[in-house]
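Input: a single structure, listed below in structure tokens.
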Amino acid sequence: MKNFRLYAITGEEFHPERDLIDVMEQAILGGVDIIQLRDKTSSKMVVLEKAKRLKALTDQYHIPLIINDHIDVALAVDASGVHVGQDDLPLEEVRKIIGKDKIIGVSTHQLTEAKKAEANGADYIGVGPIFTTKSKVDVVDPVTTTYISEVVSEISIPFVAIGGIKLHNVQQVIEAGATRVCMISEIVGASDVKGVCQEFIRILERK
Ligand code: 3NM
């Protein structure tokens, strides 16, 4: 899979006045190089429509689109891949459905989950929540940057740090060994989405 460093997940509750595509385009213009559609509340039809619109956008900028949970929607719009949690279908089954050329990302909250995801063929893992976050309802307690250090020494596939990451604390995440970071609220809830992304890129490049 193509390398990435700044991963934005959609979170329309953080920008009720602004259109999804406008916000995500600003994120891309600021340096986001992979996008995930995450919508836990809408109907399948609505998710499909959003996925189609985002696919047109991400194609325009030649970056991957990942669909959270909805494997069927990912296939229908020919997205680059899917992101699944610990309670979704086992990875082997997801791979059977989606095929070997698509990206599969898996959320992990402890090293045993990370090792399992790696062994079962995940293309990347999410590592979090590093800090407290209000963006995920069923979230576990923060795993802290200690989990990043463990993943750095034990896991070979790409990982992305997630959960409560902000401009003011991203340096800690980088110092623990993360080279890829993922956000919802700090990016899509910003009044200057592009500016925040440019600042993240500046910090990622400073290291
Ligand atoms: N997954 P924010 S934390 C979607 O730990 C998600 O797997 C997490 O949102 C995990 O950047 C999280 O607003 C929420 O904290 C990230």
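Just so you know, glycine gets a Cβ as well, placed from its N, Cα and C.
Just so you know, TrEMBL annotations are computer predictions that nobody has curated.
The annotation domain 'Thiamine phosphate synthase/TenI' is assigned in TrEMBL to 6-187. What TrEMBL records for GLN36, LEU37, ARG38, ASP39, LYS40, ASN68, SER107, LYS136 is 4-amino-2-methyl-5-(diphosphooxymethyl)pyrimidine binding site. Here TrEMBL flags ASP69, ASP88 as Mg(2+) binding site.
In this structure the alpha carbons, written CA, of LYS40 (4-amino-2-methyl-5-(diphosphooxymethyl)pyrimidine binding site) and ASP69 (Mg(2+) binding site) are 9 Å apart.
Annotation for LEU37 (4-amino-2-methyl-5-(diphosphooxymethyl)pyrimidine binding site): spatial neighbours THR10, VAL47, LYS50, ALA51, LEU54, LEU65, ILE66, ILE67, ASN68, ALA79, criterion Cβ-Cβ under 8 Å with sequence separation of six or more. Every protein chain considered, the tally of other Cβ atoms within 10 Å of the Cβ of ASP39 (4-amino-2-methyl-5-(diphosphooxymethyl)pyrimidine binding site) stands at 20. In the vicinity of ligand 1, defined as a Cβ distance under 6 Å, the following of the binding-site residues LEU37, ASP39, ASN68, SER107, LYS136 are placed: SER107, LYS136. Across the structure, GLN36 (4-amino-2-methyl-5-(diphosphooxymethyl)pyrimidine binding site) and ASP69 (Mg(2+) binding site) are spaced 10 Å apart at their Cα atoms. Residue environment of LYS40 (4-amino-2-methyl-5-(diphosphooxymethyl)pyrimidine binding site) contains 10 other Cβ atoms, counted within 10 Å of its Cβ in all protein chains. ARG38 (4-amino-2-methyl-5-(diphosphooxymethyl)pyrimidine binding site) sits 8 Å from ASP69 (Mg(2+) binding site), taking the C-alpha atoms as the reference points.
What surrounds the 4-amino-2-methyl-5-(diphosphooxymethyl)pyrimidine site, by Cβ distance within 8 Å of the Cβ centroid and not counting GLN36, LEU37, ARG38, ASP39, LYS40, ASN68, SER107, LYS136, is the set ILE9, THR10, ASP69, HIS83 from the same chain. Long-range neighbours of LYS136 (4-amino-2-methyl-5-(diphosphooxymethyl)pyrimidine binding site) (same chain, six or more residues apart, CB within less than 8 Å of its CB): PRO129, GLY163.
The domain 'Thiamine phosphate synthase/TenI' (6-187) scores a mean pLDDT of 97 in the predicted structure. Its Cβ taken as reference, ARG38 (4-amino-2-methyl-5-(diphosphooxymethyl)pyrimidine binding site) is surrounded by 19 other Cβ atoms within 10 Å in the chains shown. Neighbour counts of Cβ atoms within 10 Å were taken for the binding-site residues ASP69, ASP88; the minimum is at ASP88.
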